[in-house]
Amino acid sequence: PYRCGDCGKSFSQRPNLLTHRRVHTGERPFPCAQCGKSFSQKANLLAHQRIHAAGEKALAGAECGKSFRQKPNLITHRRIHTGERPFTCFLCGRSFNQKTNLVTHYRVHTGERPFACAQCGKRFTQKTNLVTHQSTHTDLRPYPCGQCHKCFKDKVSLKAHQKTH
């Protein structure tokens, strides 16, 4: 058995552990040659590449006209318009429109913080929070203001700055 040092999850095969580790590191080694979007697993890249295939029909949402290549994504999107929240927390009763949001919410109750910063060890409940935090360890400022070209470490800081114009 191979065990993840970050969250304790066990795997029977080492390659599965290595793939799982990308959840914690944020590594996405499979980029799409057409649009540059990257994926943590090759299977996800292959599924994504179908959207670039010539002639593939898009599924349009009736309410707003937004289109999707895969029906499950359309169904999830429609919940924004219908207000449907089929995923309910059995601990507190809070409901969500996506299962992934419920899974993330459970961490409020369990205290689980599966995403650890490799540099300082600080842990987070969501990968996006880890990625934002990691910018504090670098001088990178990848978010430029379109008006004055001043650059910021995160989108929140950029948006706050843009209100000053």
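The backbone N, Cα and C atoms fix where each Cβ goes, glycine too.
Positions annotated as domain 'C2H2-type' by TrEMBL: 2-29, 30-57, 59-86, 87-114, 115-142, 143-165.
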Inset, instruction - Restricting attention to the domain 'C2H2-type' (2-29), give the mean pLDDT. - result: 87
Legend entry - Per-state residue totals over the domain 'C2H2-type' (143-165) - DSSP helix, strand, coil: 8 helix, 4 strand, 11 coil
